[in-house]
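See below for the structure under consideration.
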Amino acid sequence: MTTRYIFVTGGVVSSLGKGIAAASLAAILEARGLNVTIMKLDPYINVDPGTMSPTQHGEVFVTEDGAETDLDLGHYERFIRTKMNRRNNFTTGRIYEEVLRKERRGDYLGATIQVIPHITNAIKEKVLAGGEGHDVAIVEIGGTVGDIESLPFLESIRQLGVELGRDRTLFMHLTLVPFLGAAGEVKTKPTQHSVKELRSIGIAPDVLVCRGDRAIPANEKAKISLFCNVEERAVISLKDVDSIYKIPALLRSQGLDDLVVKRFGLECREADLSEWENVIYQEANPNGEVVIGMVGKYIELPDAYKSVNEALKHAGLKNRVSVTIKYIDSQTVEAKGEEVLQGLDGILVPGGFGERGVEGKILAAKFARENNLPYFGICLGMQVALIEFARNVAGMADAHSTEFNKETPFPVVGLITEWIDEEGNVEQRHEASDLGGTMRLGAQLCHLLEGSKAAQAYKGNSCVERHRHRYEVNNKYRERLEQAGMIFSGLSSDRKLVEMIELKDHPWFVAGQFHPEFTSTPRDGHPLFEGFIAAASAHQKRDLK
């Protein structure tokens, strides 16, 4: 199979939405029957984002094969059916690490290792490998043109443009076309300078996607075309919209997919965007609203919980309600108590690391349990629910996780020292293991208890979900917790690790050690999130009676 490559760059400012634009184009091409994948090349020196602060970088998206990747891969999976893997995201740090490892082994036969050709060759190899088996591979280059960190990646795609030729490569550049209120017009000069910068390193863009708060007038499109040496039909206006799921239709209406298909000489059907039209209709026509309190520690940057935010919205679509997320700092819960948890239709406690704010999350779980409020715990959210139950129901005062208190008399949550990975291999860890790349990661089979809310949600006796954690329920206390009324509704493939818990005599109190948000999509939703929002809606109706 001959793969075509679309390289996506950004200029003028960061955070223009390259990932959304790339994913939206991929969605249109997929709707035309093409097999599409997307890659993200990140210019930072970290090997992967696994140890980066969520408040700096946003969430870490975990793929099926256990790669810790950029949050843009979450956008990719939500827009197209292709599942991402570790080949879809790599960083400068990972490239340098692999090249230096080869140098130490003597693979370069004593050559002087340089950015060109050794680093650029390594980048090109990964891009080509990632695109294998697909009709089209869209490659997003992180950062902004002009950044020193991005230069090796830009040089690599320049070389690929020459080596593969125009019939197999296309360069798409996102820029900002701001509107100046004082002048009453949009300004194209930033775009002109950005394209000039890109051309100075040997890349001439074939398509310009111009971001702005409004549509770009035809005369300004013509001006951009003239000064940037791009066909006028290839100047695409991408205005702000109230839903990212409207962007595929917006790009389709301007013929971007036709331009790509013609450039590559591909024969395929017209795009069928009916699924996306249905998503947009559901989003615009809710029958009600629920308020979900998300009790976390990284709430100053909502992108730290990007997939959770989107999964809640997807569940709202399936339940025909809009979901309003109220972000609650877990430290505020510690300081002010239950008053900050009033007026909610449900509580969700997402994953997290470190001791800061953990007691606030425990209080949130207690509030939901005692007030029959729907509760959904994810990863740490499951652990704090179990700790709260152990302390206040099972009679284990001062129960805790050894992550936060190594001297606790009841270590109901402890470090996983051994487990079976997705390929059936035995993995082992200990306290001195590195932080990076040492967690239980990736898709794992989970056996569900017959008759449980989990089994009802999944409509079966098993599920496969993605993990990212070091700590698990301590099996020593399972029997005591069960006797107190806790239900262990999900177990690992070897049935040795607890994956899900529920509570008896509660409308909806469900928590999982895994991260179901990573597999939720706007078209398909996710059974656990759908069940949670349905329970929140039912709770609201009971309160109104």
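In case you wondered, yes, glycine gets a Cβ from its N, Cα and C as well.
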Candidates ASP70, ASP72, ASP167, ASP303, the one Swiss-Prot lists with SER15, LEU16, GLY17, LYS18, GLY19, ILE20, LYS239, ASP240, VAL241 as binding ATP: ASP72
According to Swiss-Prot, which candidate in ARG269, ARG470, ARG478, ARG480 joins GLY352, LEU380, GLY381, MET382, GLN383, GLU403 at the L-glutamine site: ARG470
Recorded UTP site member, picked from LYS126, LYS223, LYS246, that accompanies SER14, LYS187, THR188, LYS189, PRO190, THR191, GLN192 in Swiss-Prot: LYS223
Those binding-site residues of GLY19, LYS187, THR188, PRO190, THR191, GLY381 having Cα within 10 angstroms of GLU140 (Mg(2+) binding site): GLY19
When distances run from the Cα of ILE148 (CTP binding site) to each of the recorded positions THR188, GLN192, CYS379, GLU403, GLU517, the nearest one: GLN192
Densest Cβ neighbourhood among THR188, GLN192 (binding-site residues), 10 Å radius: THR188
Per-residue Cβ crowding (10 Å cut-off), top of recorded positions LYS187, LYS189, LYS223, ARG470, HIS515: HIS515
Subset of recorded positions (THR188, PRO190, GLU517) lying within 10 A of GLY352 (L-glutamine binding site), CA to CA, in sequence order: none
Output field, L-glutamine shell: CB within 8 Å of site CB centroid, site GLY352, LEU380, GLY381, MET382, GLN383, GLU403, ARG470 dropped: GLY351, PHE353, CYS379, VAL384, SER401, VAL413, HIS469, TYR471
Coarse DSSP state, helix versus strand versus coil, of SER14 (CTP binding site): coil
From recorded positions PRO190, GLN192, LYS223, HIS515, the one whose Cα lies nearest GLN383 (L-glutamine binding site): HIS515
